[in-house]
Amino acid sequence: MFEIFKKPLSRIVGATFAFAGVTLLACAMENGVAMAEGPTFQDVASQVFGQPVGPDNDGTLYIFGLTAKYTEPEYVDGRGPYKSFLKMLPSIRWYDPEHYWTNGSQTEGVFKNEECVLCHTVQTPTIVNDWKQSSHGSKDIRRGIGIKKDGKPVEDLVGCADCHGNNHQKLEMPTYKLCNDCHPKETAEHRAGGLGSHTHAYTVNVLEFSWHVGKPAEEVTGCAHCHAIAENRCSGCHTRHKFDPAEARKPTACRVCHMGIDHDEWAMYNTSIHGALYEAESARMDWGKKLKKGNYRVPTCAYCHMQNGDHNPQRFGTIYSDMGMFQVDRGAPKHKAKRDSWIKLCQDCHSPRFAADKLKEMDAGVNLSFTKWREAAAVIVGCYLDGVVDPMPEGSAPDWYGHYTFSLLPGGDPRFYATSNLERLGLEMICYLTGNVYKAYAHMSMYNQTYGNGSAFEQDRKLVEIKTEAAKLRRFAAIEKKIGLEHKSADFWKHGEYLDLLPGWKRKPGDVDVEWFKRTDIPHRANADAGVEIHH
């Protein structure tokens with residue numbers, strides 16, 4: 001069965017694929033789209049494997065996917081300043097219902113709450129059970145929780161029609177705006193944040209953010225959904241249809257979003273003494289108690305960042321530092337008021353001297369971590385200035401601005417894709433490592449400060465990788481200069497089946513909504529409007 005791997009045939013296959021690669025690179029390019037003048041890679045793969053070329057959405061099992069042709073899914077138009085080329089998948093309707101929700105119900109009629117409950121007891125029984133146990137569906141537990149705008153307590157049940165309407169052909173998907181009718185205090189707090197908060201997690205940090213705008217919708221949909229539900233819907237933290245505050249008080253509610261290589265707050269908390277206490281005490285704790293001093297033995301995400309139930313976690317932060325990628329000394333005199341408030345919070349369990357020492361420890365560790373990053377950045381920028389980066393910006397696909405700007409320069413777009421390996425390593429160092437050094441110190445994760453995820457020693461490894469890559473580039477450049485060879489970056493850095501899908505190719509004059517950046521009701525990301533001058 002392994003005859004296919006015999007050397008003669010393997011040479012034929014290799015030569016055939018090599019021919020395909022040369023053919024593809026020789027394809028004429030027009031407006032960033034490959035114009036196939038010869039056989040495509042899929043055509044050659046079809047000859048090798050004996051499988052016809054076909055669309056990737058027809059249900060066929062394609063061998064290694066090599067004979068499949070990409071088919072764009074259904075999109076909906078995006079929003080924001082780049083709406084002319086930003087696309088979303090239809091599933092965004094569940095996370096940004098105010099702008100995308102469409103009622104798909106086939107049922108007709110206007111129904112009372114008890115009729116909704118009767119039908120959905122059969123159709124969606126878990127939803128009904130949750131509602132009956134919630135403060136919306138049980139008079140016994142709801143009194144005194146919901147307060148109307150007029151200051152009177154909500155005593156009647158909050159039924160299906162109160163949130164979704166009673167006309168089945170006009171059903172609505174609620175947002176925080178509807179919750180505001182009964183929970184004005186919590187809603188006001190939720191809407192009081194600045195840049196980097198839940199308040200603007202989607203409208204600013206997705207619609208203006210390069211890592212979303214600059215990629216095909218299919219691969220960044222998770223980012224859009226996570227950010228959108230944080231901004232637009234209250235059910236991200238206390239899920240429907242129970243909407244239990246006890247659920248939102250547990251760290252696992254925060255873990256859904258605040259985890260992973262680029263912002264690993266969960267791992268930092270979970271590997272700290274605080275996290276160990278949570279694991280030990282969680283089953284015995286009364287999560288129904290409010291977030292007040294003395295109610296909890298374990299410091300949780302909500303206890304520290306949502307003091308007394310404040311729904312603006314950012315209120316207790318010192319300053320937004322772009323997930324820790326921007327340097328700031330949080331212990332500096334200008335931030336004394338914030339520092340004092342944190343020490344006061346820590347006094348629930350610790351002496352003020354201990355708390356102050358641990359926070360100073362964080363300041364020192366963070367400041368040192370940026371010396372490594374600057375050392376790495378100097379190496380990277382030096383290679384760019386000497387023209388030895390491969391590819392140089394003009395040799396790669398354009399960034400989402402439609403530019404060919406070096407990633408670390410003003411107006412540049414730091415990215416993991418369609419860029420040189422040297423720049424990619426640099427972005428990993430500042431985003432995956434340096435940012436998480438701060439999070440490790442801030443959450444008292446002693447191991448991760450030094451050895452673990454996003455640690456000082458991981459920074460060391462990345463710094464060596466960056467210098468090794470830079471040394472190779474300089475050695476190659478020296479050899480090429482000595483033998484008189486003028487290097488040109490390979491075309492695969494600029495074009496490919498995936499690269500040709502990138503939005504940067506689609507940028508054209510007049511495609512930016514310049515008025516968006518005149519809005520004063522939202523903060524704006526740095527560099528969000530880069531290149532507007534040449535695109536309007």
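Any Cβ shown, glycine's included, is placed from N, Cα and C.
Taking a C-beta cut-off of under 8 angstroms and a sequence separation of 6 or more, His120 (heme c 1 binding site) has the following same-chain neighbours: Ile127, Val128, Cys160. If you look up Swiss-Prot, you'll see Cys116, Cys119, His120, His168 marked as heme c 1 binding site, on the strength of experimental evidence.
The annotation heme c 3 binding site is assigned in Swiss-Prot to His136, Cys179, Cys182, His183 on the grounds of experimental evidence. Taken residue by residue with DSSP, His183 (heme c 3 binding site) is part of neither helix nor strand, so it is coil.
DSSP classifies His241 (heme c 2 binding site) as coil under the three-state reduction. The number of other CB atoms found within 10 A of the CB of His241 (heme c 2 binding site), across every protein chain shown, is 20. The annotation heme c 2 binding site is assigned in Swiss-Prot to Cys160, Cys163, His164, His241 on the grounds of experimental evidence.
Here Swiss-Prot flags His198, Cys254, Cys257, His258 as heme c 6 binding site, drawing on experimental evidence. Secondary structure at His198 (heme c 6 binding site), as computed by DSSP, is helix. Neighbours of His198 (heme c 6 binding site), defined as other CB atoms within 10 A of its CB across all chains, total 24.
The heme c 4 binding site feature in Swiss-Prot is assigned to Cys223, Cys226, His227, Tyr451; the stated evidence is experimental evidence. Under DSSP, Cys226 (heme c 4 binding site) is assigned to a helix (H, G or I) in the three-state scheme. Its Cβ taken as reference, Cys226 (heme c 4 binding site) is surrounded by 17 other Cβ atoms within 10 Å in the chains shown.
Counting only same-chain residues six or more apart in sequence, the Cβ atoms lying under 8 angstroms from the Cβ of His238 (heme c 5 binding site) belong to Asp244, Pro245, Glu247, Ala248, Ala253. The heme c 5 binding site feature in Swiss-Prot is assigned to Cys234, Cys237, His238, His311.
The hydroxylamine binding site feature in Swiss-Prot is assigned to His263. When other Cβ atoms within 10 Å of the Cβ of His263 (hydroxylamine binding site) are tallied across all protein chains shown, the result is 18.
Around Cys346 (heme c 8 binding site), the same-chain residues six or more apart in sequence whose CB sits under 8 Å from its CB are Pro352, Phe354, Ala355, Lys358, listed in sequence order. According to Swiss-Prot, the heme c 8 binding site annotation covers His274, Cys346, Cys349, His350.
Taken from Swiss-Prot, the feature heme c 7 binding site applies to Cys301, Cys304, His305, His443, supported by experimental evidence. Taking all protein chains in view, 24 other C-beta atoms sit within 10 angstroms of the C-beta of His443 (heme c 7 binding site). Under the DSSP three-state reduction, His443 (heme c 7 binding site) is assigned to coil, being neither helix nor strand.
What Swiss-Prot records for 1-26 is signal peptide, and it gives sequence analysis as the kind of evidence.
Taking only the Cα positions, the spacing between Cys116 (heme c 1 binding site) and His164 (heme c 2 binding site) is 11 angstrom. The C-beta environment of Cys349 (heme c 8 binding site), restricted to residues of the same chain at least 6 apart in sequence and closer than 8 Å, consists of Pro299. His258 (heme c 6 binding site) sits 23 Å from His241 (heme c 2 binding site), taking the Cα positions as reference.
Cys119 (heme c 1 binding site) sits 43 Å from His263 (hydroxylamine binding site), taking the C-alpha atoms as the reference points. Inclusion criterion for the binding-site residues His168, Cys182, His227, Cys237, His350: a C-alpha placed within 10 angstroms of the C-alpha of Cys304 (heme c 7 binding site); this criterion is met by none of them.
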